[in-house]
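S.K.: I'd like to ask some things about the structure below.
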Amino acid sequence: MPHKRANARIRKERKQKMDLPVSKEDTNVRDDDTPKGFTRLFKYKEMAIKKQQEKKEAKMNAKNNPITTAKKNITIQPGERLKDFVQRVEHEYQQEMVSAYKSTKSASESKRRNREKRKQKKLEKIQKEKELYGGRDFDDLKDNVKFGEVADAPPIFSKLPKARGRGKETLEQKTKQQEENEDSKGYESEEDENMKLLKASHKRKIQNMSAAARAQLDNERERAIAAYRAKKAEKMAQNA
């Protein structure tokens, strides 16, 4: 039963299992208290030293290799003709020459492709500018100025510059509409033109006036209209 006390043997076994030292299998606690950052740097240092040793060993092996030493220390032999020496050198270094040619060829091919791509993009950009704006600004207005040439006066334009790009169609339509309006109106006298100018100036003055001045002007206009109507009514009454 759970409320009964266990036997002495069981109690002794439980007591032996208590207060035991912590093992590495039971927990992740390390034996030393070295910081993790310092441990990581120490490992990086060991890896760098190992790489340096591997490079040194590879150099030593290359030096001790008789094939590479023979290639590096290749010289003309006594009694050997220059033509035979050249053939022997080409034969021994044939693989290196082929690999070097392939590497340079691939680099030059990639450069050529990149140059062609940039050229094609530039041509497409110029074509797009011509379609949208009719070419770059002032391309057709450039002058060939010689060295040392001095301008005596500002340039004189005999005609207006051409319309460009999207505004070209709008300007052409506006010019055409103005010509049609002038043809439909016919001949206008100088008095009509002066009246138009006077009305336009009067309209600009009203727009630039303040609210108080505009109200005063409205009152004056209403008073003048009322006086004109009263005078006209009096004249009609006299005639009747």
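All positions are counted from 1 along the displayed chain.
Positions of Cβ are set from backbone N, Cα and C atoms, glycine also.
Bear in mind that TrEMBL entries carry predicted annotations, made automatically and left uncurated.
Copied straight from TrEMBL:
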type     : residues : note
COILED   : 203-234  : coiled coil
COMPBIAS : 1-15     : compositional bias 'Basic residues'
COMPBIAS : 16-35    : compositional bias 'Basic and acidic residues'
COMPBIAS : 112-122  : compositional bias 'Basic residues'
COMPBIAS : 123-146  : compositional bias 'Basic and acidic residues'
COMPBIAS : 166-188  : compositional bias 'Basic and acidic residues'
REGION   : 1-36     : region 'Disordered'
REGION   : 97-195   : region 'Disordered'
S.K.: Pull the DSSP breakdown for the compositional bias 'Basic residues' (1-15) and write it out as helix, strand, coil residue counts.
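M.R.: Split by secondary structure, the compositional bias 'Basic residues' (1-15) comes out as 8 helix, 0 strand, 7 coil.
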S.K.: Counting by DSSP, what is the helix, strand and coil composition of the compositional bias 'Basic residues' (112-122)?
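M.R.: Going by DSSP assignments, the compositional bias 'Basic residues' (112-122) contains 11 helix, 0 strand, 0 coil.
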